[in-house]
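Have a look at the structure below, then the notes.
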Amino acid sequence: MYNFENKYRAIRKVWALSAVVLISSCAAKPPQETGTFKSSDLVELKRLDPTIQLDIRYATSNNFAGRPVYSEAQAFLQRPAAEALARVNKELEPLGYRLLIFDGYRPWSVTKVFWDITPKAKREFVANPKKGSRHNRGCAVDLSLWDIAAAKEVQMTGEYDEMSPRSYANYAGGTPAQRALRDLLRSKMEQNGFTVLEAEWWHFDFQGWKSYRIQNVPFNKI
Ligand SMILES: [Zn+2]
């Protein structure tokens, strides 16, 4: 079985030694973007559809940074993406599942922290802050499936934020049941305007993400 603790311990060590990282991340600024953008209309997912499940790992220590990077356990997306997600959630219900959200809109400063604490060899799993993340635009979501009858998260081919080939959307390992659940999530999301990230089965971008700006607004200012 994949050893999560070892992975997190190594990253925590980097974090503990890098107080400088935090200071530089706070001082750094998001990339300047030119062009025309839609105005931001971030919607809290739970308000739109209270049946959507949340497990906001970045508001806890149960994440690859080993410490909370959000002060509120909330998830936001731009309105069209949020509405599409609510449709996916409705379509899953008759099949016995709901959506379980790990993350949505992410302030740019958090993307910078993730980049700075991630070893170079693992940076395919984090966004380069020079370009920003689609999460910073409020058009990307990290999620899994929630089993309604069992009242728990389903078992996918790998864990959320695992930095290994098990995270690839086309990873051929795991059990047939795990692959079927991963592919069910993907097909429902694709039918509603989302595209999976090939390196991460849990990450989806919403169509038209380029029309929204990179933002650095904290949750409590939305
Ligand atoms: Zn993501």
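Yeah, the Cβs are placed from backbone N, Cα and C, and that goes for glycine too.
According to TrEMBL, the feature signal peptide maps to 1-28.
Taken from TrEMBL, the feature site 'Transition state stabilizer' applies to R106. Cβ neighbours of R106 (site 'Transition state stabilizer') (same chain, under 8 Å, six or more residues apart in sequence): Y58, S133, H135, N136, A140. DSSP assigns R106 (site 'Transition state stabilizer') to coil in the three-state reduction, outside any helix or strand.
Residues or ranges marked as Zn(2+) binding site by TrEMBL: H135, D142, H203. The Cβ neighbour count for H203 (Zn(2+) binding site), using a 10 Å radius over every protein chain in view, is 26.
If you look up TrEMBL, you'll see E200 marked as active site, proton donor/acceptor. In sequence order, F125, D142, S167, Y168, A169 make up the list of same-chain residues 6 or more apart from E200 (active site, proton donor/acceptor) whose Cβ falls under 8 Å from its Cβ. DSSP assigns E200 (active site, proton donor/acceptor) to a strand.
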Neighbours of the Zn(2+) site H135, D142, H203: Cβ within 8 Å of the Cβ centroid, same chain, sequence order.
F102, D103, G104, R106, S133, R134, A140, V141, L197, E200, W202, F204
